[in-house]
Amino acid sequence: MSRHSSSSAARTKALAPLRVGVGGPVGSGKTTLLEMLCKSMAAKYDLVAITNDIYTKEDQRLLTVSGALPAERIMGVETGGCPHTAIREDASINLEAIDRMLGKFPDADIVFIESGGDNLAATFSPELSDLTIYVIDVAGGEKIPRKGGPGITRSDLLIINKIDLAPYVNASLKVMEEDTRRMRGERPFVMCNLKDGTGLANVIAFIEREGLLHL
């Protein structure tokens, strides 16, 4: 994996910051994932986060209130229209947000970019994201992995969240795992309950390994 180059003249670190895109349907747990990642990784890495919402900055507010990061390290973007466009076809609004954040924090190690809630076809532009994480949840039904779509099949990491809800929605985690392996081949996935941290360590290890953060 090659990092995007950094345009910040004030940057003192050799590698450009790692850009991690987080996508998934509404309510799947994207903001919770960002909160948990930031709280777990902030002691080791210099982090900033950008959230996307269609008409509000609600996810920015939620991350700020939860104490995921200091308020000045979280930027909310109102995309208007389809959230998919702002991360794929025309990512300029997010690229501008990244530039603004790196202007304030030129030595950031990781820039997290959370997409607005979208469907299974949503993907991040390679221009915007170095690594993509796609979040689905068990409450959507055990059929979700086999529905496919770029988020399921081509994301760098797939997270199946809310595994604790499986008994309440008659979902088989075994079936979901089997379908995920069939749809993704060798691409990794993690079964998670982000509310209690189950699986979070595996997500962090993936980001560190695939994002070359050890260099």
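In case you wondered, yes, glycine gets a Cβ from its N, Cα and C as well.
Feature annotation from TrEMBL assigns GTP binding site to G24, P25, V26, G27, S28, G29, K30, T31. In the three-state DSSP assignment, the secondary structure recorded for G27 (GTP binding site) is coil.
Under the heading domain 'CobW/HypB/UreG nucleotide-binding', TrEMBL lists 20-190. On the 0 to 100 pLDDT scale, the model's mean across the domain 'CobW/HypB/UreG nucleotide-binding' (20-190) is 93.
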Nonlocal neighbours by CB distance (under 8 Å) for T31 (GTP binding site), same chain, sequence gap 6 or more: T51, D59, L62, L63, E114
Other same-chain residues whose Cβ falls within 8 Å of the Cβ centroid of G24, P25, V26, G27, S28, G29, K30, T31, the recorded GTP site, in sequence order: G117, V135, D137, N161
Cβ atoms near G24 (GTP binding site) (within 10 Å, other residues, all chains): 27
